[in-house]
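Presented below is the structure to which this report refers.
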Amino acid sequence: MVKPLPRLRLQGFNNLTKALSFNIYDVCYARTEEERQRYIEYIDEQYDADRLTQILTDVAEIIGANILNIARQDYDPQGASVTILISEEPVIDKKQAGKELISDAVVAHMDKSHITVHTYPETHPQEGIATFRADIDVATCGVISPLKALNYLIESLESDIVIMDYRVRGFTRDVKGKKHYIDHKINSIQHFLAKNVKSRYEMFDVNVYQENIFHTKMHLKDFDLDQYLFEERAKNLSFKERMKIETLLKREIEELFHGRNLSE
């Protein structure tokens, strides 16, 4: 739960911008070119624009935002994108329901409060590795906090590796004229994760407190080969095959987690 600082009396609107960025990876091994293609098709179907729209709509509800507009697109040969514009307050007076309106709130929030997701399925040309990356951004202005959606997003996607960045920008001014550059307590993104999530992942932080920048990356603690095989079971493989595939997968996970290629 996001713990606010003692309530401030503000001069006008809360102008703080809070941005949460996710990169979520699913890693898989598919033995043949045909299996790798079926993996891409499976991911493309599982995370098409309709499914992603539902996930982001749920995020908007969780953080207490109002949806202004939704744009979504499936791509050929694969991938999808969804963008939802949101606001802190309802933008249409109930008395005006059914009438065509151009709300000032829409213009005011279009470049500040939004939720976006883009998907990137891909495969290794020779080694059988296939990955899926979901790139998610939740940016809000005002008192709405994107941190409330952390656990839901991790549980909604096949999250072998999660890389998160959170930053607060701008300032809000109280009635005495003093500027405040953050309006809630935070030492680490980890503090906003549920216990059952933290128990499953190894986590690592890089935080720049004086700049209100917080970075956490994590990967699953337990390695179960069956969870990474596509259309195959570990028991059907020879010991040598299992060791080879396990080595490839662990290397891929480590490289994605650290964001760099390891030396041979």
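The backbone N, Cα and C atoms fix where each Cβ goes, glycine too.
What Swiss-Prot records for SER113 is active site, schiff-base intermediate with substrate, and it gives sequence analysis as the kind of evidence. Neighbours of SER113 (active site, schiff-base intermediate with substrate), defined as other CB atoms within 10 A of its CB across all chains, total 27. Under the three-state DSSP scheme, SER113 (active site, schiff-base intermediate with substrate) falls in the coil class.
Annotation comment: Swiss-Prot describes HIS118 as active site, proton acceptor, evidence class sequence analysis. HIS118 (active site, proton acceptor) falls within a strand when secondary structure is assigned with DSSP. Other C-beta atoms found within 10 angstroms of the C-beta of HIS118 (active site, proton acceptor) number 17, with every protein chain shown included.
Cβ-based neighbour count (10 Å, all protein chains) for CYS141 (active site, proton donor) stands at 23. What Swiss-Prot lists as active site, proton donor is CYS141.
The pyruvic acid (Ser) annotation in Swiss-Prot covers SER113 and is backed by sequence analysis.
Here the Cα atom of HIS118 (active site, proton acceptor) is found 22 Å from that of CYS141 (active site, proton donor). Each residue contributes its Cα atom, and for SER113 (active site, schiff-base intermediate with substrate) and CYS141 (active site, proton donor) these two points are 6 Å apart.
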